[in-house]
2 protein chains.
Amino acid sequence: MPFEITEQLIEQITGLILNQDDEALLKLLENEHHADIAEVLEDLNLEEATYIIKLLDSDLTSEILMEMDEDDREKILQNLSEKEIAKELDELDTDDAADMIAELPEDRQQKVISNIEDKEHKADIQELLKYDENSAGGLMAKELVKVYDNWNVLKCVREMRAQAEFVTRVHSIYVVNENNQLEGRLSLKDLLTTSTKTPISEVYIPKVDYVNVHDSAEDVARVMQKYDLEAIPVVDDNMHLLGRITIDDIVDVIKEEADKDYQMAAGISQDIEADDTLWQHSRARLPWLFLGLFGGVGAAAIMGGFEEMINKHAVLFFFTPLIGAMAGNVGVQASAIIVQSIANSDLKGSIANRLFKEFSLAMVNGLALSIILFSFTWFWKKEILTSLAISISLFVVIIVAGIIGTFIPLFLHKQKIDPAIATGPFITTSNDIFGILIYFSIAKMLLGI
Amino acid sequence: MPFEITEQLIEQITGLILNQDDEALLKLLENEHHADIAEVLEDLNLEEATYIIKLLDSDLTSEILMEMDEDDREKILQNLSEKEIAKELDELDTDDAADMIAELPEDRQQKVISNIEDKEHKADIQELLKYDENSAGGLMAKELVKVYDNWNVLKCVREMRAQAEFVTRVHSIYVVNENNQLEGRLSLKDLLTTSTKTPISEVYIPKVDYVNVHDSAEDVARVMQKYDLEAIPVVDDNMHLLGRITIDDIVDVIKEEADKDYQMAAGISQDIEADDTLWQHSRARLPWLFLGLFGGVGAAAIMGGFEEMINKHAVLFFFTPLIGAMAGNVGVQASAIIVQSIANSDLKGSIANRLFKEFSLAMVNGLALSIILFSFTWFWKKEILTSLAISISLFVVIIVAGIIGTFIPLFLHKQKIDPAIATGPFITTSNDIFGILIYFSIAKMLLGI
């Protein structure tokens, strides 16, 4: 792509803002894509960004604002009047407009809404604000092209010309009956290849995928991905056509879900980005570190209970980080596979099957690793019993860690709790404690005191 | 969605296959969506699945096969003749057809290609096979709707009717000059709302996003996501229009990328699914476990070097799992944020800036955690110097771990190596070793022997 943000470009823009050279700024920016301008704005300071938003046309700035980071957008909106915000909303599709309003402080929301000029647009946005943001209703837009089943192709094309003016992208044409109940769909391709006198009732496809307005965003994403859909109609419990969801919004849902699971696995509990503030990062990371600290203290307390072994078998204590780390790694591997399979809904078989498979795998991996560890410890200390105790413990710990890592996310999923929280520090910490406890118990059994 | 796979349905289908009741099978399945039938097939054994593929029409089975897991598809294709496979390929879009051929063993590829009946389709597929599967060329399909800039809207609509027959979904209409060089695009919406006599040169949009055929799949995904595109044309170095990529393929790329990064962070080095074999799982997981073992042995060796401290300060040894775990957790948190920001290409500022920010964050988090740990150890052992040594070490280890976790992925990215390999076990292991070394060095400094 030809567009690239350079330091030079940013300097040029800040210079033009400083000189209030509006004409040159307009010339420079008005033909660029809103996504590119949004990137430029994120490199400017708040005053400069606001300056440009106030300067450019609202059909462009509304799209720019929607493209920006939520935090940055929020700050700019604070600098705009309710009337100015309403003007941006007039240009946006209903779904984006509702999203933008929902981010405003409550006292501003009503003032902004009352400033929206287009009455139908206003009513549509108010309807969308009623739905949960993680539901189909929260994702859908009211803009769509629909035709009635008693029209013919010619009337259809004529009416669609009018409707299409207000719809950014035409994907499918939905066919409804006189009660606005979804009956089927019509592809643009069919319209292109059918004679104009054909009644719609003869050409429409009655089999149409749809989602209920209360379905979760994840379910919508799953259906659209599975059936490779680019848009899906949204209906209420009585099949009344309410809106439609397009694939670009679903791409965002998929990306956010994946990012969230990834962060969770890395022990980051809130949705943060590299550029967020120190405090946001600290808040997102500290809880899991506390958990880790708690686990480490637990492990220390357990070791304190076996303190009498330290004189004769000091070497045992040298291998506790190894035991802890291996228990953690095996647990994370096992849980990640389960969490990912659940997220992609391609998990088959019973819990017992899963556990048996993980058990077999842990046997194989555990055996390989234990043999290596035995060779090393024997070579180092030449104490066969200690070496045996350490390597047998590792073997058992790997099996237990694998089973815990498999069982916990499956259990949470059954309890309708997001299994992703069971990955990362949670598994690492619990496996640390279990691992150390098993390790010293086995060692004590084999070695006496 | 109404379709659901029940045990009852699977039993009914296996029963019908056993009785070779083709009529009933056809009635049951032929109106279902190919994605649903693909799911059913994955619950059957290989013979049963092959039976159904041979029974149903190839326009349906080709889509079913594309929807299935690569492993399952491969097995079924082994049971089909070259002629049967060629028949499936005739029904597929060129991009899917090329993907399917690429999965076949080399000696079958040529035989299958020579059995494809449609000559143009065959040539298109052979062209696509030349491109790297992770490039724009490997993702694109040859099917698209294009018009010449010297036509008018009427001629355009007529020609498009013919072309559209062969294109599953019409997204954009691409406008080319007489040399097949991309000039711009035409939206279906514009065609619907423009008079039929208008010359194309007057209505087309000259600003069109495109990618080069050699661009990487990740770059294509980034562009399409950024500009919210549902299809993008692919050109060669001289702007000749070669094909187009649609968003559904990009959704798969995004999903795969995210899954890969997630698995990498969890210490799983190959793309595996829960249902893969034991050996595939073992191969994917063992390398990282070896790394962990190696790290643990390293930590043990370091502790062996400080063995003389064990008599007077046994308690130090109780906290090594804590130090190792915290170093690992902090490192993973830091590296995950960097890796994710790089993947989403929203990382700004210099490496020095990043490191300073992580340093400040580690100071804040480290201070909070060290104070808590100090209170605990003091309360437990009432030895102020030991407690100080342990908590100061934790503080330093957290800072070093944060800096390592930030630096390594940034460094790898600069060296054009996928930074995702630096997450998970890699960071955990190196931080384990560094952490233990720092811990005992500080303790020795403060406590003497």
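Any Cβ shown, glycine's included, is placed from N, Cα and C.
Keep in mind that what you see is a predicted model, and the values were worked out from it rather than measured.
According to TrEMBL, the domain 'CBS' annotation covers A:140-202, A:204-260. Feature annotation from TrEMBL assigns transmembrane segment to A:286-303, A:315-339, A:359-380, A:392-412, A:424-447.
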By a Cβ-Cβ criterion of under 8 Å, what residues six or more beyond either terminus of the transmembrane segment (A:359-380) are in contact with it?
315, 319, 322, 326, 330, 386-388, 390-392, 394-396, 398-399, 401-403
Model confidence over the domain 'CBS' (A:204-260) (mean pLDDT, whole number):
90
So which residues does the transmembrane segment (A:424-447) touch in its own chain, when a touch means Cβ under 8 Å and the partner is 6 or more beyond its ends?
264-267, 288-289, 291-292, 294-296, 298-299, 302-303, 305-306, 309, 312-313, 316, 319-320, 323-324, 326-328, 330-332, 335, 385-386, 388-390, 392-394, 396-397, 400-401, 404-405, 408
As a quick check of your reading of DSSP, tell me how many residues in the domain 'CBS' (A:204-260) are helical, how many are strand and how many are coil.
24 helix, 16 strand, 17 coil
